[in-house]
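These notes are about the structure you will find just below.
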Amino acid sequence: MLKDTRFIFVTGGVVSSLGKGIASASIGSLLESKGYTVTVIKLDPYFNVDPGTMSPFQHGEVFVTEDGTETDLDLGHYERFINHKCTKENNFTAGKIYYSVLRKERKGEYLGKTVQVIPHITDEIKRKIIKGSKGYDIAIVEIGGTVGDIESQPFIEAIRQLGLELKNYQTSFIHLTLVPFLKNAGELKTKPTQHSVKEYRSLGVQPDILICRSDIKLPQESKEKIALFCSMPSNAVISLPDLETIYEVPLALDEEGIDKIITDKLQLEKNKPNLSAWKKVVKRKIKPSKLVNVAFVGKYVDLKDAYFSLTEALDHAGINNDTKVNINFVSSDELNSKNYSSKLKKSDAILVPGGFGGRGIEGMILAAKYAREKKVPYFGICLGLQIAIIEIARNLCGLKDANSTEFKPRTKHKVISLITEWKNEDGSIEKRDKNSDKGGTMRLGAQKAKLKINSLAHKLYKKTNIFERHRHRYEVNPEYVSELEKKGLLISARSEIHNLVEIIGMKDHPWYLGCQFHPEFTSKPKTGHPLFNDFIKTAVKLKR
Ligand code: GLN
């Protein structure tokens with residue numbers, strides 16, 4: 001363990017969505033491979049306290065950490081690239097910072113002083129950064145948004161202050177920008193990068209490293225021009241062109257020599273990063289020998305970010321099975337009893353992801369029915385498990401109005417419902433749930449489940465106790481379980497607390513599995529996840 005924790009501050013400029021999260025995670029992975037312990041902290045300048053209640057259209061996926069914090073999807077990148085598990089210390093929004101300052105103000109902790117952005121908000125930001133970095137050699141701190149945004153100013157000011165307060169060898173500033181290629185001029189344009197650095201310097205920060213995102217590799221002369229205008233050596237201008245896979249980023253950054261610059265600035269060991277595992281991942285990802293088609297039946301089909309961890313987990317399973325996983329996004333809204341067979345018939349496997357709200361539910365039920373009847377591998381995740389239960393209840397048990405109380409609160413057969421509803425005969429929802437805050441009322445984070453010996457899940461996990469992450473309110477209603485079991489439903493896992501249904505399977509089906517948790521949050525590119533790996537493996541084997 002290093003005596004003084006080192007801090008790498010990563011900001012962005014020109015435009016958002018340049019892949020700061022992936023760059024931060026990749027730098028973390030390079031340093032981890034040199035033998036250091038690394039954490040990554042994401043600071044989001046928006047005012048929501050956490051992204052838990054934000055629409056996927058606004059925010060993409062909500063990533064859930066082991067300790068049950070609802071966080072930005074960048075934390076998913078951190079966990080996929082680095083061996084460290086994020087907690088509530090790894091993601092702060094401006095909302096959370098202001099909230100804690102205001103709470104302190106109400107308690108009189110500021111002793112009658114005027115509470116201001118500087119120093120009170122900036123102090124709170126610094127305190128949270130220092131706290132989150134405790135126990136690590138290196139903390140990478142990523143600031144959301146772009147330099148120059150009004151909201152991000154207190155964050156930039158806080159890291160500027162840290163740069164002064166900590167020892168010079170403890171901090172390094174990395175700035176990520178875009179170098180666009182203008183087709184009609186036929187050249188790469190460095191001006192937006194120059195302006196972004198100028199803006200950053202006007203806030204008091206001189207970056208040590210620039211990572212320039214572009215379609216193509218930056219030629220030496222562009223690097224030199226940028227270096228001159230931005231007052232830095234040209235070897236600190238790193239080119240990061242678009243790559244075939246995000247898992248190539250650690251390799252690309254290493255090739256550009258980023259390790260040497262960071263190592264010199266932070267006075268780290270000069271040993272080279274060990275990237276052999278990433279090389280293997282990239283090789284398998286780029287040249288798979290098999291192909292499989294998975295129908296992904298959800299409601300946000302045009303929104304790649306909404307299911308980021310899930311599509312990555314499928315990809316990891318592909319990498320670990322030497323297979324290209326072709327994901328066909330099928331909008332569940334568009335499936336109906338007339339078209340569902342034809343829309344699904346080219347799929348080698350069907351997956352129904354998690355989700356909230358009633359839109360598109362009937363289409364998902366048709367997809368689950370198709371998979372069960374045609375013996376196509378079916379993977380239902382969270383909502384996807386609930387859909388499977390509704391489908392079996394309706395079509396095998398003859399409970400025509402079986403539903404989840406999330407979609408139809410007064411339905412007769414509440415096969416999926418809130419725990420608090422199980423004992424209510426009149427169909428009412430307990431007051432606590434109806435009036436509760438939308439934030440923080442869910443079953444969240446890693447919980448222990450016990451697997452049934454010899455079930456498919458048990459064979460795949462190769463152990464009896466698992467910890468997987470949850471994010472949902474509704475559960476399988478135990479009153480219907482024995483009726484469902486008579487029709488072939490298998491209960492393969494139950495939770496330690498409350499004995500809730502955690503994994504289901506189906507008799508006489510080659511691969512049918514629903515889980516109430518989100519296994520995608522723990523899938524890693526280097527190993528995959530046992531459930532996803534076998535889902536893809538089976539889909540390849542049974543390919544139609
Ligand atoms: N909407 C369902 C529930 O709250 C499922 C949630 C999910 O898929 N994450 O239980």
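Any Cβ shown, glycine's included, is placed from N, Cα and C.
What TrEMBL says about a protein is an automatic prediction, not a curated fact.
The model shown is predicted, which means the values in this text are computed figures rather than measured ones.
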Listed in TrEMBL for the UTP site shared with S16, K189, T190, K191, P192, T193, Q194, one of K42, K134, K223, K225: K225
Candidate from L243, L266, L268, L275 that TrEMBL assigns to the same ATP site as S17, L18, G19, K20, G21, I22, D74: L243
Of R284, R469, R471, R473, residue recorded by TrEMBL at the L-glutamine site of G355, L383, G384, L385, Q386, E406: R473
Distance, Q386 (L-glutamine binding site) to K189 (CTP binding site) (CA atoms, angstrom): 51
Fewest other Cβ within 10 angstroms of its own Cβ, chosen from the recorded positions K20, K191, K225, R473, H518: K191
Of S17, T193, G384, R473, E520, recorded positions neighbouring ligand 1, Cβ under 6 A: R473
L18, K225, L383, R473, H518, E520 filtered to the recorded positions whose C-alpha is within 10 Å of T190 (UTP binding site): K225
Whole-number Å value for how far E142 (Mg(2+) binding site) lies from D74 (ATP binding site) (Cα to Cα): 9
K189 (CTP binding site): tally of other CB atoms within 10 A of its CB: 15
